[in-house]
């Protein structure tokens, strides 16, 4: 409803029921788990101060700056693993890594209860900080990967304010523990605080393992269906959120450090973070004024409650207004008041208490991180965003490891005549840097919008818009015919009529940028794969007729050179390298599309079949369906993955198999089959390759097939397969061969409960299978038709990591007719990729 949109996400009334359900589940998984973990992090982080003022100082005989050194040990360790942790989750699932870290800091929290000396506490605090360090930056990165602009700031605010709840509860918890457990079992109350905190932290670590949904690109969490996972990834890409490739190298790091974002966001956050340090000495001041132990714990908790209200308020207002800069600048500007009071250090106890209590009003951390997340989120792959958000927090803590020793030495407590004036100056410096960030961001938007032929709106500048790829394309076609030298005509392989010979024409028209419809894009191709489907389309021997005249092909890779006028929320931009696959476009709004089966959409457009395909220099495609090619992945190899790879990957994905199961691949030496072998091995399956010929046998075994059967030499394929599988038969068969015999035999050699995945399309042939044995053996027969956008992303990512290699022969577009002949005669091993004419 509109009311819900006002009080919660501003676009709630625009979301479909499916999207609202997805957001609720994400909130359950990400928001609840992260908030609980962050609450416990701050509870464990702040229990040092509570323990210190509740008897630990006397029990451990803490003198001089030893208390400060304990905090420094924690801070050093906390800073060390900030950036590495965000790199680690590019390789390891966040749910695994963060669960390990939280359990680890819970164990070291227990250890603090047994400390006998200050030196032991140095070690324990260091280890707690080391394990805690991953939690905050990884969750910031994770939430920025899932939530959109109207959703993110308030959720980061809720996440962040749970730290203040932990700070507040630490005081109340210590007061309760001290009152009820002090002296119990011979242990001091402050030792019981660590025991109680550890008992809460370790179970939360286990919870993270089960409920954290990882990233949209690798989500396997139990409470999201396959359709919801596919929709979540599509939603993330649609909102311009680049997905990780698992690749981290010097080229990506160099690109990150050649831009302004890292330097100014990190500097601004360091200055802001250190300017918030004053309130951390509230308890020490209370002790110097001889407040009771309970008051020393409870009064700072009141300040934490004020922080909670303000943190959420700034996040809520930021999402409601769409502005990030405003709600970074205003709260920080208020920080001049409490820091100014403490810098002056008036005689009035009430005035100083007011300054300490309201110092947290300046806490706009969530909005600051949201701003950084949004400015950096369109970079592909998203290493820059990971580095920026982790460096902001990590380097701020690195500075915090030494700065308090210099400006807040314990011997100057409680007046800290260097510390409080320093925080006042840091607020001023932070405000200056935030203004510089806005200037840079607005400058970038002016440049981007000038390139897009759009006016720059001073009233709604960068912080109020989607500072990402989607917003860049919100406007108009992003193209310049002169800069890309888009010709009027091109070379194309055309089938004039069904069954006619191919004609390579050099005067085929090119659709110009101003002619593109909204949602369309023009792609300049560098290569294209050839598929059996292209042959069927040219011959016209399928039950479904192709358009004529027809430019075939549906495995193209190239660069976007233009996007249609008035295209909104495009997940790609001009200059992106993308792939064109069989599914050219779908409505994205019908039941099939919403369930992740957009290839079955009743309004689907098919490349090289119902619309012209990739056997031409320039092809018109659709921004929501072109597939970004992972950086560093060879274009020729990617071409074949876009159809053949995606097709077999999806079939194996839904074949109901588990690691160690036997899978049979008829046609294993063909274009689809040789890729199916590799995807099956990635899935941990044992592969029986079925085909004929010495060349294909050699290729299949080299690619990892466990067994080979030559169907021309075998006297009984069914018995051969049963002999290999211990008489039981295979668990699954993915039939890629365009021959009906492959399907008929599969029913016989599958074991009970086995699955036949029908992939190959043998024209008008019928599937003849024993109904009796199909029922008796509980055989599942599933048709698997190419793949959706999620399948395409996953298949390409696996291949880009080097786990799947495409065996292809490189030819020219002029050789297409001879390639068709080879396909017809079954003489093509692997795939064929055509280079486009220059």
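Cβ atoms here come from the backbone N, Cα and C positions, even for glycine.
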TrEMBL annotation of transmembrane segment - which of the ranges 214-234, 235-255, 298-318 it falls on:
298-318
Please find, within the list 394-424, 425-455, 456-486, the residue stretch that TrEMBL describes as region 'Disordered'.
456-486
Which one of these stretches, 62-86, 262-286, shows up in TrEMBL as transmembrane segment?
262-286
Given the cut-off of 8 Å on Cβ pairs that are 6 or more apart in sequence, determine whether the transmembrane segment (94-111) and the transmembrane segment (420-441) share at least 3 such pairs.
no
Among the ranges 21-40, 262-286, 298-318, the one whose Cβ pairs under 8 Å to the transmembrane segment (387-408) are most numerous:
262-286
Under 8 Å between C-beta atoms and at least six residues away from its ends: which parts of the chain pack against the transmembrane segment (298-318)?
153-158, 160-161, 164-165, 167-172, 175, 279, 282-283, 286, 291, 324, 326-327, 331, 353, 356-361, 363-367, 370
Please determine whether the transmembrane segment (420-441) and the transmembrane segment (190-212) are in contact (criterion: at least three Cβ-Cβ distances under 8 Å, sequence separation 6 or more).
no
Given a Cβ distance threshold of under 8 angstroms, which distant residues of the chain, six or more beyond its ends, lie next to the transmembrane segment (190-212)?
28-30, 32-34, 36-37, 40, 43-44, 47, 50-51, 54-56, 59, 94-96, 98-107, 109-110, 112-114, 142, 173-174, 177-178, 181-182, 184, 221-223
